[in-house]
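What TrEMBL records for this protein:
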type	residues	note
DNA_BIND	58-128	DNA-binding region
DNA_BIND	151-219	DNA-binding region
COMPBIAS	239-253	compositional bias 'Acidic residues'
DOMAIN	58-128	domain 'HMG box'
DOMAIN	151-219	domain 'HMG box'
REGION	124-149	region 'Disordered'
REGION	220-253	region 'Disordered'
């Protein structure tokens with residue numbers, strides 16, 4: 001791979017791909033001044049909308065993957081300043097490229113993330129939330145960018161049950177929408193006999209042990225830096241995402 005493409009995506013000349021950044025990554029990037037070193041100028045204060053008091057809360061820390069996405073976006077902007085960027089293709093290309101990059105290629109992004117973490121920790125020590133503000137924040141919590149190399153989260157017994165039963169419910173009730181399917185799955189789980197539940201509880205325990213084992217290795221790798229250990233390259237697949245999103249409001253008991 002030519003040197004200029006290290007740490008960034010390859011762009012096809014014949015069929016130039018338009019890329020877009022995930023909203024959460026874009027939100028992180030927009031808070032950063034566009035500098036060559038991609039780091040925040042701590043002296044700069046973000047402007048607040050009229051009518052709101054200035055909030056000096058430190059900008060959230062960015063992950064190595066978020067810095068990588070930022071770099072890709074800037075590379076594309078530099079090459080095609082007049083073009084709009086497309087969300088889905090950008091996200092997919094970034095995730096694919098990141099997953100195949102070597103530890104050596106990722107090293108500079110991990111170093112940037114570690115430096116940003118130290119900045120965030122230092123700023124948070126001196127931060128006092130405005131009076132009346134919940135320390136944990138208000139409203140919907142901003143979703144962090146996931147590292148594609150991080151272990152996929154373990155599923156509960158109920159989610160394992162849903163994975164097996166969702167197709168059957170859809171087939172028997174083709175007119176059901178997402179909410180109807182979730183309700184039916186919740187009812188079927190409530191009515192399941194102890195033997196059936198035991199089967200899925202055992203699956204959940206096994207998956208939990210797998211997740212804890214992989215997460216321990218992953219955290220050790222992040223602590224020691226690139227080149228040490230090898231966490232599982234597992235990206236949460238679409239079926240698992242669908243189960244978690246559709247059934248999040250259902251009880252697993």
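Every residue gets a Cβ built from N, Cα and C, even glycine.
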For a three-state summary based on DSSP, what are the helix, strand and coil counts in the domain 'HMG box' (151-219)?
56 helix, 0 strand, 13 coil
PLDDT averaged over every residue in the domain 'HMG box' (58-128):
87
Which numbers of helix, strand and coil residues does DSSP report for the DNA-binding region (58-128)?
53 helix, 0 strand, 18 coil
